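This report refers to the structure that appears directly beneath it.
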Amino acid sequence: MESLRIYNTLARDKQVFVPRQSGEVRMYVCGITVYDYCHVGHARMLVVFDLVQRWLRAIGYRVTYVRNITDIEDKIIRRAVENGETIKSLTDRFIGAMHEDEAALGIQRPDLEPRATQFIPQMLGMIEKLETNGYAYQAADGDVNYSVRKFANYGKLSGKSLDDLRAGERVAANDAKEDPLDFVLWKRAKADDPPGATWASKYGMGRPGWHIECSAMGCTLLGEHFDIHGGGQDLQFPHHENEIAQSEGATGQTFVNYWMHNGFVQVDNEKMSKSLGNFFTIREVLERYDAEVMRFFIVRTHYRSPLNYSDVHLDDARASLTRLYTALKDVEPDALALDWNEPHAQRFAAAMNDDINTPVAVATLFELAGEINRTRDASLARQLKQLAGLLGLLGREPRAFLQQATGAAQAGGLAADEIEAKIAARVAAKQAKDYAEADRIRAELLDAGIALEDKPGGSTEWRRV
């Protein structure tokens, strides 16, 4: 099997993946700020790095996968105050909702899922190190800030120079900062902060800045120098750039070897975002589409490419996934183990080892489905299920997928018992040689989105289309 190659944002190129410790991978992914339901952009991040950790394990690595939860942040505080509830009540509620969404999408839980509020002492310890090393200072307003000009390599991840940032970036003015580009490490408490929003420190009561949270959790749980750090493309700057500055400023060593970023989700060629009002929650999508269809919609696009969200693309994903399940419908897979020397498995592995190239890997699944349709071969059916399983797909009994009702069918379509009753009426019509009535029932069912397949021996199977 070829070596895994990953596009490293830091190097701006694909690189052969070499872990720091042979056979082991330590990976940190920036998780979700829990003040609302997860949206499609979150779904993409969750699925992408679920695929990455699944593949790393499939090729034999022992993986420690950490994905954090941001449970203290200005948006969280504002929402809790608006709702008249405690911060913990709000965050616990949306963490539970996030876990429900993840389960629906087939996301395997990370090995460690730290909450920011569990690591306040470690954050303060890192801030004190930065102060000792000359990178941090307490401003007149009580905030502790990071002095970006003290870090010689600032901008190495994003490719942004400090001079360009000063000229072109929108930086919030703050007279207390030594430089407008400096960012906050510790926010001094405000008089109207609600309970649970601040902690005691040598700098006074306050709370951590967003960037220090991930630096402290990553270094504490995975060590000061680890293999992979991932997140959405929108986090590359300033969040991940600031993480590097903090972590390397505190420890004096390389923070992360490989940086991976998934692309944006777009609607009509614009980035999906709350500010534009064009975003959809996972729950809203799952009211209309099966969760595996949503996962497949994400999987079949390369993780670094833009993902264009539309009903047309989701409908196409549903039709494509239906083709894969249909190929397995009447073939019982054999029980042999996956053999990476099999040609389809080799092509699948080559694709996944080429920067997690899921479009090519999915194409291999359709090659297998086509051959199964021609040959009804049990070993090919087994390969299809095994390889798709590595992507978190095709885990259900085919008829369970093909006969399920989602979206419009669920809201106003025929229930399974109604369909079976009409099939029975059609069988009776055929037995009475009333073929016109039998054809009418078939057409009526097709109009309702139900396709019939007459099998040898007189039985009839159905599926939703």
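Glycine residues also receive a Cβ, built from the backbone N, Cα and C atoms like all the rest.
Positions annotated as Zn(2+) binding site by Swiss-Prot, on the basis of sequence analysis: CYS30, CYS214, HIS239, GLU243. According to Swiss-Prot, the feature motif ''HIGH' region' maps to 32-42. Look at Swiss-Prot and you will find 271-275 tagged as motif ''KMSKS' region'. Here Swiss-Prot flags LYS274 as ATP binding site, drawing on sequence analysis.
Features recorded in Swiss-Prot, as mapped to the structure shown.
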residue	record	DSSP class
CYS30	Zn(2+) binding site	strand
CYS214	Zn(2+) binding site	helix
HIS239	Zn(2+) binding site	helix
LYS274	ATP binding site	coil
Most crowded position, judged by CB atoms within 10 A, among CYS30, CYS214 as binding-site residues: CYS214
Residues close to Zn(2+) site centre defined by CYS30, CYS214, HIS239, GLU243, Cβ within 8 Å: TRP210, HIS211, GLU213, SER215, GLY218, HIS229, GLY231, LEU235, HIS240, ASN242
Candidate with the highest Cβ count within 10 Å, taken from the binding-site residues HIS239, LYS274: HIS239
Alpha-carbon spacing, HIS239 (Zn(2+) binding site) to LYS274 (ATP binding site), which is rounded to whole Å: 19
Same-chain residues at least 6 beyond the ends of the motif ''KMSKS' region' (271-275) whose Cβ lies under 8 Å from its Cβ atoms: 39-41, 264-265, 309
Length of the line joining the Cα atoms of CYS214 (Zn(2+) binding site) and LYS274 (ATP binding site), in Å: 23
Cβ-Cβ distance under 8 Å to GLU243 (Zn(2+) binding site), same chain, at least six residues away: HIS211, CYS214, SER215, GLY218, HIS229, PHE255
The residue listed as 'ATP binding site' to CYS30 (Zn(2+) binding site) - Cα separation in whole Å: 19
Mean predicted confidence [pLDDT] for the motif ''KMSKS' region' (271-275): 75
